[in-house]
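Chemist: Supplied in structure tokens, the structure appears directly below.
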């Protein structure tokens, strides 16, 4: 009787079966928004050379622009997750789209590197942080059986935009200079607001409507609420800490080729457009890597964490081989190595997010993703400047790519220390206890639309 009542309430709240319906519209929204976040971020290497020449600064100083943007995106992800849990996911994502475009528009008027640090780095990075985790969590909440494929399709835009943006940005820089190009990119980034508008408004939990809006929270209650929004309890769980350490090590080296491969190609003697096409070639296979790994993962023949380790180890090897392939001066060798690296880097990205629900459980996914991004932001902040510093010290990018690949390989080895890693079957995902109103204190419930869908799914499983 109770189960029937819960089921009718879930259906009354508008819950839908996962793996279809509006979820595919959200996949399209993720496709567009990620292309304007990471696709754009991975193509900023075109501006790297222009900034070095215009501001007459070292490679390390210029690297801080992209590094601050990447670190800000990850550092502010918990803020985006907390705001989504507390208020409105649609509004948060649309605000992030506005800030990402505003930062690039303001950067087009920069007169010093500090201006670029604050605008292109901090403001745009804040916008990206408010967009990425909420969009990913919203899509994953609408899928169960096809989750890896849905995420892979959404992320495939990163490879597609990397292929298209590199020559496009080079053309814009030549035609309008770097200031005009950044102004155009700022206008493009404002389209993220339309993606956020496709997110359906959340269904507020009935428990939350009983709370007195005029009541003042005590300090312990306030800390409990903030802790619940950010899912701080995950920091006490070994699987989450191990996984976070592995992803952080990935982050030290994963983005280095996207920011320095074009500069390396130009340094070894290739023209601007040929150097840009090397990065575009990686973007082509990146698309297929994301979709193929997601499709293969959903077949269920291998555990997702095993596939993640496999693709990460291959990506690490190819990162280290990128400068080796250019020693002979062969453009074909550079293209082939870039194609292989692009496929593996795309494949591992889909797996990174497909593993998340198995590590922390579905209900804690929004806050857990934000917390993960916050912790790995230190790697995003330091990895690219470290690569630039190694280039300044050695005069070339060989050491930069070797060290970057070593960090990624170390992260892959860290994943093997996860509990039950060597088991052939997936362990049951952790479940957060259901919190109820005890009459004195209103325990918190997540108000994101994701939660209502998974509560509905849990009820269905209970009936069976």
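Including glycine, each Cβ sits where the backbone N, Cα and C put it.
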Chemist: For the annotation transmembrane segment in TrEMBL, which listed range does it cover: 218-239, 240-261?
Modeler: 240-261
Chemist: So what's near the transmembrane segment (61-84) in sequence-distant terms, Cβ-Cβ under 8 Å and 6+ beyond its ends?
Modeler: 37, 41, 44, 48, 51-52, 55, 92, 96, 113, 116-117, 120-122, 124-126, 128-134, 137, 226, 229-231, 251, 255, 259-260, 366-367, 369-374, 376-378, 380-385, 387-388, 448
Chemist: Which value does the mean pLDDT take for the domain 'Major facilitator superfamily (MFS) profile' (26-423) in this predicted structure?
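Modeler: The average pLDDT of the model in the domain 'Major facilitator superfamily (MFS) profile' (26-423) works out to 84.
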